[in-house]
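Please read the structure below before turning to the comments.
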Amino acid sequence: MDSSTWSPATTATTEPLKPHERIRNAADISVIVIYFVVVMAVGLWAMCSTNRGTVGGFFLAGRSMVWWPVGASLFASNIGSGHFVGLAGTGAAAGIATGGFEWNALIWVVVLGWLFVPIYIKAGVVTMPEYLRKRFGGKRIQVYLSILSLMLYIFTKISADIFSGAIFITLALGLDLYLAIFLLLAITGLYTITGGLAAVIYTDTLQTAIMLVGSFILTGFAFHEVGGYDAFMEKYMNAIPTVISDGNITIKKECYTPRADSFHIFRDPLKGDLPWPGLTFGLSILALWYWCTDQVIVQRCLSAKNMSHVKAGCVMCGYFKLLPMFVIVMPGMISRVLYTEKIACTVPSECEKYCGTKVGCSNIAYPTLVVELMPNGLRGLMLSVMLASLMSSLTSIFNSASTLFTMDVYTKIRKRASEKELMIAGRLFILVLIGISIAWVPIVQSAQSGQLFDYIQSVTSYLGPPIAAVFLLAIFCKRVNEEGAFWGLVIGCMIGLARMITEFAYGTGSCVEPSNCPTIICGVHYLYFAIILFVISIIIVLVVSLFTKPIPDVHLYRLCWSLRNSKEERIDLDAEEEDIQEAPEETIEIEVPEEKKGCFRRTYDLFCGLDQQKGPKMTKEEEAAMKLKMTDTSEKPLWRTVVNINGIILLTVAVFCHAYFA
């Protein structure tokens, strides 16, 4: 069967929003409704059965989570709808190399669980900027990093997820774009606001199962349709569109033919679209930032009940990260084989006809596969998968962003805020994030360029390396001080912003219409730029630190690797300020009799976790015991051995996969 003339693709691509492409049958609608009912039921169960009335309960799930929901939540938080659209789209356009982004994580989840999380737990922190404040003292690094992280969440993570989710919804349902996005964000925000981190982790666990089952089913259908793996490799290399000219314009051959190295991860260091030194070292820097210092990821690990559960969750996530190559990237490539004219289009007028944008339609590879290939019922399941990935990713971002705002920004504005006030502030900030997200949709929509995955990774390459450098040195080099860390962050981010603003001002371009950005600025691949920026940031941090006063060890016990097992009492650099903040205004709340609350008010308080049923006030000994539990990193010898062996196996699997597909 000639892939380029396959009849369903031909009939379906002329009008993406025809009724026969939309989900209008009872089977699909029933599956979607059942999915939403189950997700809301799980969220409500978590709301009723977990402690959400304290900052520790809402933001860290009371440090009570076991390993398997932690691992599932790590995976679901990472795999958003941007992966289904971006990974599959880049796979359709350029082959399997983009799967290397997923496999690189196998190494860094081990680094996270074994090296970074023990320090964070011993430090007794809730957020990553809070760790830097304890490590270096002062407020400017904490506030600077919090605001930078919130900007990154809004303009990369949230915008990318909403954009990619919108592509799928528009293609499959034909609903009004803004109505669909508003409903998704409303439901997402609802169980994030009401349930806290426990609800997020439990719903993530459910949605991980949905994603994996649905993705495996679609992968089976796709490989069956294409004729197996060997036929897939052969047909992909011949998946060339027939329309390659428009009037006097003839597209260059390299713009529409599959790459000769499509089935290799490691590519030419100078001419490759993902050069192997960049994929090996540059990507590792981005992974260090994302997996070891990003609030969304680390917060899941901090919620685990002990270190063995942290490590087991990281290993579980690592094994899950093996799958996207086979259930997202390769199905995206198969979509190019089955619907070549649509997915591999290069002539601007043809692309605009198929997907509404002139630069290419690779982003719709996975959604097209779902709409065209899946039977009734299963198509609804796959829509649920996309909704699950979108919502789980957004809930993770909303919860972690509200944590950052509440603990690192709001407490600087309201130093004596009560526990209840902090809880309300965190929930209201989620509403603000939802509002900004909806307002950002038209900008993302107008910037549709077919370069979604590259856009996300390039922005990360420009802003992430200085943060990665500061955290790495903060933990493994105790000589680094506040001045070095601050100026390393500021100068590094200024360099990254200069490159980013220049590149986006000129436009990233495409194969058909290359960018006019000067080679000296934009000619360096973004993964190579990440390496350069990381090295510059490290040099600045070290040089400034060596020429300024060091931090005494008494302030660093259990905050850096060399002093991680110290038993001495640590004097925090901002201890006096913390003493002031630890005096919440609780006396006002005690004066309000519980009986005077009406039925509506009691229901509202229960719904939002603001009931705060007060038990007896904790004694000094009980507070010390609670603090000891929250900062305990001890492990039982048997389980420590089990997770260590699994960590070694995971690293071995990572090396094998890279070598096999090199």
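From the backbone N, Cα and C atoms, a Cβ is placed for every residue, glycine too.
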>> If you compare the topological domain names in Swiss-Prot, are Ser64 and Pro514 on one side of the membrane?
In response: no
> Quick one: which of Asn248, Asn306 has N-linked glycosylation site in Swiss-Prot?
Replying inline: Asn248
> Pick from Cys511, Cys522: which cysteine does Swiss-Prot list as forming a disulfide with Cys517?
Replying inline: Cys522
> Are there residues of the same chain, six or more positions away from Cys351 (disulfide bond), whose CB falls under 8 angstroms from its CB, and which are they?
Replying inline: Cys345, Thr357, Lys358, Val359, Gly360, Cys361
> For the transmembrane segment (140-169), which partner among 203-221, 452-477, 643-660 gives the most CB pairs under 8 Å?
Replying inline: 452-477
>> In whole Å, how far does the CA atom of Asn248 (N-linked glycosylation site) lie from that of Cys255 (disulfide bond)?
In response: 17
> Would the transmembrane segment (96-117) and the transmembrane segment (526-547) count as touching if the test is at least 3 Cβ pairs under 8 Å, pairs 6 or more apart?
Replying inline: no
> Between the stretches 67-90, 203-221, 526-547, 643-660, which wins on the count of C-beta pairs under 8 angstroms to the transmembrane segment (376-406)?
Replying inline: 203-221
> Of the listed stretches (203-221, 276-295, 310-331, 452-477, 526-547), which one yields the highest count of Cβ-Cβ distances below 8 Å with the transmembrane segment (643-660)?
Replying inline: 310-331
>> Considering only Cβ pairs within less than 8 angstroms, which of the stretches 25-47, 203-221, 276-295, 310-331, 526-547 has the most against the transmembrane segment (67-90)?
In response: 310-331
